[in-house]
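Written below as structure tokens is the structure these notes are about.
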Amino acid sequence: MSFGSCSRHALFTPGALPGSFRTMTTSCVKRVYTAQIRGGDALGKRLPSVSSFPGQLPRHGSHFQSLAFFSTSRRRQTPPPPSPPTTSQSPTVPSKASTTPPTSLNTSKPVATESQDKTDWSIIAKLAGNIWPKNNPNVKFRVIGALTLLVAGKVLNVQVPFFFKTIVDSLNVPITESTTVWVLAGASIAGYGAARVLTTLFGELRNAVFASVAQNAIRKVARETFEHLLNMDMKFHLERQTGGLTRAIDRGTKGISFILSSIVFHVIPTALEISMVCGILSWKFGWDFAAVTAITMLLYTWFTIKTTAWRTTFRKQANAADNKGATVAVDSLINYEAVKSFNNEKYEVAQYDTTLKAYEKASVKIATSLAALNSGQNFIFSSALTMMMLLGAQGIVKGTMTVGDLVLVNQLVFQLSLPLNFLGTVYRELRQSLIDMDVMFNLQSLDSATKDSPTAKPLHLKGGEIEFRNVAFAYHPERPIFRDLSFKIPAGQKVAIVGPSGCGKSTVFRLLFRFYDSSSGQILIDGQDIKTVTLDSLRRSIGVVPQDTPLFHADILHNIRYGNLEATDEQVYEAARKAHVEGTIQRLPEKYATKVGERGLMISGGEKQRLAVARVLLKDPPVLFFDEATSALDVYTETELMRNINSILTGQGKTSVFIAHRLRTISDADLIIVLQDGYVAEQGTHEQLLAMPGGVYHGLWQAQLTESTQPTEEEIERQREELEIVDEKKKQQT
């Protein structure tokens, strides 16, 4: 066997085409393994020790398949590329004085190295707490077992070149007719095969043992982050895009997977193997061999890290184009009807193609910079190998080394080329993973503006009386909604809140439900300040039918049962009948199993509102809010539904609040509160308010009577009759 035929074992060389790499085998046969590399990046190089790990390397980069994570309805003009967030730029709940709260989860500004190092170590420390939990000995046992298998596998891996050396030296003798392979090198060949098999076996066992540890850590962190987001206040969610939040969790969990796989299965093993190789070379062949190896490793690592940091700029550009392309595509698809209605298909395609061009440009830079990285790496490594071969050849000439020793040196160094070949990819992905995890952990560190006080107690309802006492509130400091709002909603009565658009009718519910907290004043339920009771008990006591009905992409049965997850099917059917939607459901092909589509887009607005009414009736809370609950219904369905709702309210004595623009729907309310300019302008019954000719309510009523878009002649006639009755009563009083 010639030295040349065995010295190129497992040498990786960059392929000529992006998306592939070439492996030189002992017989010098070139095999091209094509890997799916995003944008021709080095991600296509597979880590042998990680390939079977369940949480495989995340394929960050430009994957437009991630469109599903962008459920935003608003197009960002300049999507932020992922980059390290600083301490001051990390997403936090803005203070009351802040007028420009941060809405992005990423920042593109550079971070000081010292500060970033502290951040990285704090992230790793948080992650370590999840893979080494205090009260879980089973997980600790698995971690210890995985590390033991790792060390055992690397020790055996270093033994492989020694068996190779012994085989070469054993065969480097005169061959006779009685000579057989088993006589000369049988034991070494068997040991070589056993070492390789056991190395692979230990590696796979390590993957299997550590898999549950990694996946448990990923699940735990993702669950905690998701739970924390659900507990954040309304302001937080309105100021951030849902797609960005879901992608932050997705990237953060993938970052955990990569960090665990790279540190446990790549960084630590590579450092251990380099240390063992340097020690072996120094012990067997002298310090010069060890010095060449150590200098090569340091130079190789330095060059790779510096070049990869330079290439990261292009990756950020590709990610920015990817994010923008995802936003454009999802925005267009969600608004499909609008695109078709205005014949703007070509415009949307052009917008999408613009992002593809930006991505294409960045991808070309990624591919060319990858070629520069691979060339530099190969030059450094080839120079080191040449020097090692020269030292080895001199040793053979001097008689201090055998041919087998030369093979041993060659194999020891070449085994290091496998993990080092992925150093650039590992470093870049490690940096990106730390950034992604930092964003996710920052989400966990955010504090909700509305939360239980330390002394909060459950709400004890007596009748459901609601009182706003000198309440002030503003979404933005320069635009106050309420200045000194005070009113009382009697227990068990039907009360309506009306007023011009923007007067804060829906805000009343948001404050009562503690989506927001008032800046001053008190909101009381049966004399209890809602800030002193638990959020859970408060929100269980209030039901709402919102104007924009939120439905899940599930069947009708689930969407109604969401009001009470423990309700039986029969209770769901009864709620549907009360909401006057049973007949519509029965006419559907799959009845209650019918999917409503994303955000309920597969059913009409009126059907959505009736499902929302059924849902809140199933919840059966003592306090009910109806925010334009019948705005999408026809007159007949609205009349029937309101009759059912009124019968429920009358029979059970519930406190109900109706927010309405169509005043005829609340004319039978026990009390009508009219809001204007942040105050209560008027309040009273329908007849009392109509008896005030210059009043706000009277003006709204008259405007709806004369409005050209107002409903049928029968309704107008009925409203005129009501006005005549009021006028007649006034004459009698005078």
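Glycine too: its Cβ is placed from the backbone N, Cα and C atoms.
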| request: Would you say whether Swiss-Prot puts Ile167 on the same side of the membrane as Val213? | output: no
| message | Please compute the mean pLDDT of the model over the domain 'ABC transporter' (466-702). | response | 82
| task | Please report how many Å separate the Cα atom of Gly502 (ATP binding site) from that of Arg315 (glutathione binding site), as a whole number. | result | 45
| field | the transmembrane segment (260-283) vs the transmembrane segment (187-210): 3 or more CB pairs under 8 Å | value | yes
| In the same chain, who gets a Cβ under 8 Å from the transmembrane segment (372-390) while lying at least 6 residues past its ends? | 13-14, 42, 289, 292-293, 295-296, 299-300, 303-304, 307-308, 311, 406, 409-410, 413-414, 417, 420-421, 424
| message | Quick check on the binding-site residues: of Pro500, Gly502, whose CB has the lowest count of neighbouring CB atoms inside 10 Å? | response | Gly502
| message | Taking every protein chain in this structure into account, which of the binding-site residues Arg311, Arg315, Arg510 has the most other Cβ atoms within 10 Å of its Cβ? | response | Arg315
| Per 10 Å Cβ neighbour count, which of the binding-site residues Thr313, Ser375, Gln377, Ser506 ranks highest? | Gln377
| message | Looking only at Tyr475, Gly499, Pro500, Ser501, Gly502, Cys503, Gly504, Lys505, Ser506, Thr507, Val508, Phe509, Arg510, which the record lists for ATP, tell me the maximum pairwise CA distance in angstrom. | response | 19
